[in-house]
Structure formats: structure tokens, C-alpha cells
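Trainee: Encoded as C-alpha cells, here's the structure I'll be asking about.
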Amino acid sequence: MSKILDEKIEKMTPKERELWALRHTAEHVLHTAMQNLYPQLKKAMGPATADGFYHDFDLAEKVSGADFPKIEKEMQRLIDADLPLAQKYISPKEAKKLFADNPYKLEWVDLIEKRGEKISTYKMGEADLDVCSGPHAASTGKIGAFKLLSIAGAYWHGSEKNKMLTRIYGTAFPTQKELEACLNLVEEAKKRDHKKIGQEQELFLISQDVGPGLPIYMPKGLLLRRALEQWIVCEKEKRGYKFVWTPHIAKSDLYKKSKHWQKYEAMFSPMKIDKEEYVVKPMNCPHHFQIYLERIRSYKELPLRIAENATVYRYEKAGELNGLLRVRSLTQDDTHTFVREKQIPDEIEKILELATHIFSTFNFSHIKARVSTRDKKHPEKYLGDSASWDKAEAALAAAIKKSGMSNFIEEGEAAFYGPKIDIMVDDALGREWQLTTVQLDFNQPINFDMKYINEEGREERPAVLHIAILGSFERFIAILIEHFAGAFPVWLSPVQVKILPIADRHLEPCQKILAQLLAKNIRAEVDDRPETVSAKIRDAEMQKIPYMLIIGDREVKDNSVSVRVRGEKNLGSMPLTKLIDLVAEDIEKKRQI
């Protein structure tokens, strides 16, 4: 087990540690059961996770979810046997002999040997032995309830250059009641999966011809994204942010100057243009620095808030890509604020106010801050000296204290150039997401020799705050899709009103209604398909359209609209002007219906 995982476990509460150990034990039960059922397989690796556990197998035979009952039966047999788990340290030589026929275990043994660490193994009963440093439950009988959840392909180390393995996911709890609650949540999460809803509502697609991790927004998806972008721009402009635009590529020298070239591993390979080396940009900060450096700055200009909704490109392993949640092309609502040191607490307080306003609008709950500091044991990971880091971390601590926001410290999670604050929220299913990032940077102003003239006419160096409120539009939209289960607030809905003619003779009046709605900037469509009105209502409900207007002979005669609200609620007949006012109020108040 890595030192990072060791430290993670050390920070857990006793109850969290106990659950982690139980799930780690369940993972061992899984791979032992698999070894018993498929003797020719090779065990690769598998951890406990925050949600359960998984294990990767190199299998000659095809295994699918249909095999889960058989695997679970063998797992239950091992649990009922109440097999003890015992740790034993062995030498690298002995480990290489024991795992001579398993290249995956030999790779782990070599890695542990190079780190100069002891090789820990765990034995379960008399048969199973594996390279592992725990922790585990005392015996398999401590597993009160478990369930295998899914199966998928996974490249070894997440790299498509390596062999595709079979990954089996599961979860485990002390009691059946806890397991059932979890399984209900899993089922609800499946229904809300943003990839499923994104396809059903035609929001986005991933084309293998374009490339994995490179999402394409379809018309409805772009309408949603544009509404979100326009709102974010408006909220930031009200708070003094100045928007800019920067190109998608830059000379590699720019990133060498910022030290991203040396420290940031997710950059794509460079390209040659006119004998010079360029890269697609992995971040926007060096570009925004050019705007600050364009002329000599006065203290009167600070804080200077430079903002851009900008697309960046970052390499992610193929096995880690996931719809819009994990991509290689992402658009950040990025901001770089240049401040004097004494302005830092007030500026961060303003940023936290904006973040809280944004997330409260979407009814996210349990908004809190994670203050990410450096790992003092590994100073080589970071830019700058210890004094600069001490100053930056103290400034963040003071700012978060002043804000009064609930917070906790996470050592070792800082960016390479400065500590940061991450805003965490819970969605409708109680799942925690990290959204806003605020990074305090004293090092890049040194790299780029940024200065301003103070009140006494002397040069001083500013600090930089790197801010992304949403994180990225892609990831935030994925979270919104799952949070709302595709039933977006009216202002975000790609189609806000669907007009449903009962018969062909009602098409012309429906087109006139459409024109009036569009003139009021209400996103509307006419369903002119030759289907029954009940079929049209059903489809509009499936698409989670907020308002449906049913138009027949009576509505045409009375110059009215029959209004149905998403969720099978009828508002009855009303003048179109009243409906327009109702929708406009929903949009203005960012109201969910």
C-alpha cells in the first residue's frame, strides 16, 4: 500500500477505518472466490474504495454479470467459514518466488523493493496469500452483507498501452439494512446517470471518430450550457470581473517559464509551427499573466480580476474517462485575480460569497471548504521556498476563518505553486462533489516578474488568486444532470415550453403561439408529429419539459392555452400572456418546478 493511502487511512474516523477494513476484506474474499472458480486467472490488484471495493483480473475465460450469483455463492461460503486474516512480512526474494507466475504481483514487488519498504502479505485461511498491507477485519465472518455491483474492462494502470483486464466492483457493510440502503442509492444513481440522460435528452455525445474524452454538445446541450455560461458571466461582471479571450495554443516556452512544463504531467505532446514548439494549452493562467504584464500597474488597479470561459486540453488515461465528468477537452470558468497581500482575506471572502450564491441557487446542500496545504515531507513537489508557503497557507486560513464557512484541512492536496481552498457540496443523493477551487499563488508572480507601483512609488509584487467557481462546465453539467435527474429548473431547460397540437388543423395556431413565446426569449418547440396528444405528452414528460401547452378547438376558440406542468400537474386553461408571465417569473427567480 502506498504512503498516500496509509496517510488517508490514518485520517479516517474509527468507524470509517472499520468500514474500510471490512471492504478490503471483502475484496480479498472476491479474488479468492474467483481463484477457486477460475484457477487459471491471474490476480492483478484491487483496493477498498469510498463506496465499496473492486479487483482487476487477467482472465482467459469470459466472465459477465450473469456469473455474479455463482461468484457470490462462493464468496458467501468463504464468509461463512469465518477465515482469519493474518499479516506476514517477507523478503523480496521470497515474494518473487511465491508470485513467479504472476507478472502483476512481480511488478508490485519490484516497486515496493525500490521504495525500500517491507513486503507485506496477508493470508486468508490456509490457502489465499496476496501482496497487501491491509488493514483488514480480523476474519471473513465480520462481513455482514455484500453485493457484486458491476463488471467492466480496465487497462492495467489505466493506460491503453497495457493489457485490458476484467474489473469486478462490489460493496460490503456490517449489516443487511445498510447494504439495502446503499443498493437503493445505487439504483437511483443509475437512473440519474448523466451519460444515460444525456443520450435520452440529446444533450451531448462522445464520437470515437473524434476521440475519447472529447465531448460534442448537441443543440439542446449547448442551449443548457449557454444559459449556464451567460449567468456565470453576468454574476461575475456584477462583481467586477473583466472578461477576455485567449488562444488555444501557445509556445512551449510560456509553460517552461511558468514551470508547468516541469511539474504538470497532463500536458499533450508539443507540435512544430515555423520551427518553433507549441502546445495546446492545459491551463489559462500564463495567458492571463500576459494581460497583467502588458503595462506597468498601479496599486489603484488592484484587485484586477481577469476572467475567461476558456477551453483547455489535458491528458487523462482512457480508463479514467467518464462521459462529461472526466474528459480531455474541458472549458473552465477561469479567473485570475491580482491582489495586494492585504487584500487577500477580503477578496477570498467575496469569492466564497459568489460560490455560495451559485450553489445555493441549485439547492446543493452541506456547502463546506477543504483547505489544501502542501506535504511538508516532500518540498520537491512544490515551487518556492518554505517562507512563501507559510505565508500563503496562513493567509488562506485567515480568509476561511473570516468567512465563517465550515472547513477542514487536507495536507498534501495543494497545487504545485500554492495552497488552495476547494468548495465541497452534496447533491440530491447525498453524494459529495468538489467544485470551486481557489488557489493562492506567490510563486508565479516571481516567475513572470509581476510588479505594481505602491502608494510611495515603489515596486511591489502582487499575489495571484486562481479561481474556478464551477470547476469546468463539462463536469458541472454532468453533476447538474444527475442532481436534477434531467428535470432542470426552467431557466436551464433546453426546451422550456412544448406546444402540443391535438390535430393538424391546430398546427397554424400553434406556430403563432410559438412565435410569441420566442419573441419573449422563451425556448419553445411545436411537436408537429402525427401522433396522439397522449403520446406527445408522454414524450414531453420523458424529456422532462417544464411546461406543455395543449392546443385544440376550445383553446383556439377561446384564444387560450391548456397548461400541463412537468410531473403530471394540470394548471388548466389560461391566456397565453399569463403563461408567459409565469414562465418569465420562473426564469427570473431561477425557480425549480
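Placed from the backbone N, Cα and C atoms, the Cβ positions cover glycine too.
Heads up, TrEMBL stuff is auto-annotated, nobody curated it.
Note that this is a predicted model, so its numbers are computed, not measured.
Take a look at what TrEMBL says about it:
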BINDING   C285, H336, H466  Zn(2+) binding site
DOMAIN    195-489  domain 'Aminoacyl-transfer RNA synthetases class-II family profile'
Trainee: Excluding C285, H336, H466 themselves, which residues in that chain have a Cβ inside 8 Å of the centre of the Cβ atoms defining the Zn(2+) site?
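Mentor: Filtered neighbour residues, in order: M283, N284, H288, F289, D334, T335, Q439, D441, Q444, V464, L465, I467.
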Trainee: For H336 (Zn(2+) binding site), what is the tally of other C-beta atoms lying within 10 angstroms of its C-beta?
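Mentor: Other Cβ atoms found within 10 Å: 25.
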Trainee: If you average per-residue pLDDT over the domain 'Aminoacyl-transfer RNA synthetases class-II family profile' (195-489), what number do you get?
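Mentor: In the predicted model, the domain 'Aminoacyl-transfer RNA synthetases class-II family profile' (195-489) has a mean pLDDT of 91.
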Trainee: In this structure, which of the binding-site residues C285, H466 has the fewest other Cβ atoms within 10 Å of its Cβ?
Mentor: C285
